[in-house]
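K.L.:
Sharing the record's features from Swiss-Prot:
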MOD_RES   K185  N6-methyllysine
MOD_RES   S364  phosphoserine
MOD_RES   S375  phosphoserine
MOD_RES   S403  phosphoserine
REGION    192-382  region 'Required for interaction with TRIM28'
REGION    195-284  region 'Dimerization'
REGION    409-426  region 'RB1 binding'
MOTIF     158-194  motif 'DEF box'
Amino acid sequence: MALAGAPAGGPCAPALEALLGAGALRLLDSSQIVIISAAQDASAPPAPTGPAAPAAGPCDPDLLLFATPQAPRPTPSAPRPALGRPPVKRRLDLETDHQYLAESSGPARGRGRHPGKGVKSPGEKSRYETSLNLTTKRFLELLSHSADGVVDLNWAAEVLKVQKRRIYDITNVLEGIQLIAKKSKNHIQWLGSHTTVGVGGRLEGLTQDLRQLQESEQQLDHLMNICTTQLRLLSEDTDSQRLAYVTCQDLRSIADPAEQMVMVIKAPPETQLQAVDSSENFQISLKSKQGPIDVFLCPEETVGGISPGKTPSQEVTSEEENRATDSATIVSPPPSSPPSSLTTDPSQSLLSLEQEPLLSRMGSLRAPVDEDRLSPLVAADSLLEHVREDFSGLLPEEFISLSPPHEALDYHFGLEEGEGIRDLFDCDFGDLTPLDF
């Protein structure tokens, strides 16, 4: 190693060489040495050199050596550490549940974790079982089973197997929101809902009522299905269409005429019906946009009289009853009777309301008919042929036909104050002789 930074033959060079030769200094090849020496007096003799040289006296120069520290040179096989980062001391082991393990594990410092800590014993309760939420639910369940809503807190703590202070925590909250009230020190009463007292019996009764309603609903659905099937067969079956009619006797057999009034409603399709059932009276509202609505009264059959559904009877006392007879007429005649057509034109009405008292005294107008067999009403012309002789003394010789007959839509219009019934028909009533009664 060469010395640099000092002139050759300087006073410090021999001393430094002596130190290096003796092995007193261990320097590397890359070490740098800085030598600082003090000035020497020129009159002083030179100091001897060599290992046996005496120590320098007060006049000897001071020699200060400074070496720059250097890190050891890395070997070519070792990886060079990254600048600014500490060397990696851990590695990732994916086979040990993603845990970082040290390369060399030393003895654990401090107190180690007990191996049995965190493992619950079989008899230990979970956190949810001891929670206040579950305890409150169980306490309210005890309140619901109480007959009068009063619960002893000591008994509740024993049943729930919890500390009494937790029962007090629950009761304090419930008392604060006015759901319970303290009867005494250890007794509380439920005030939230009085329906909870004895709710089991009421629940059983309501369940039974619901079961009965479901059975009734199923029975009604079954009857509605039967009626729907019968109506479809009645309207679609050819053999059943000829029997699609109803008589006054059928209507009177449904209800007692002495206590109930039977009314027949003849309405066009798509008629809206609204019924209001109140405690005082019963109201029915009908509304139709397709045509007029006819309402007929089914009269009560008197003793010795004949049903209006068989032949015209003198028992009919109003125009509504005459119209009820028309509605009860057979739509299609049975096979035993000859086919005939029924018309409801005003020209075929027999008598007015003023002539009916006279007919009531004429017993000959009653034609004998079979009570067991029903026949449709015949036309007015055929009836006049049978009773023409009986009317000879009371009525004119001929009836005037009111023509042309009006249709259903013609009755939607009314008459003015100066018009009468003759203005509805194109005929002359001047030749008619007034009837004197």
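Easy rule for this one: first residue shown is 1, then count along the chain.
Quick reminder: no glycine exception, Cβ is built from N, Cα and C everywhere.
Keep in mind that what you see is a predicted model, and the values were worked out from it rather than measured.
Please go over these features one by one and say how buried each is and what sits next to it.
P.N.:
Taking the Cβ of K185 (N6-methyllysine) as reference, no residue of its chain lies under 8 Å away while being at least six apart in sequence.
Across the motif 'DEF box' (158-194), mean pLDDT in this model comes to 86.
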K.L.:
Mind checking how the motif 'DEF box' (158-194) divides into helix, strand and coil residues in DSSP?
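P.N.:
Split into helix, strand and coil, the motif 'DEF box' (158-194) gives 17 helix, 7 strand, 13 coil.
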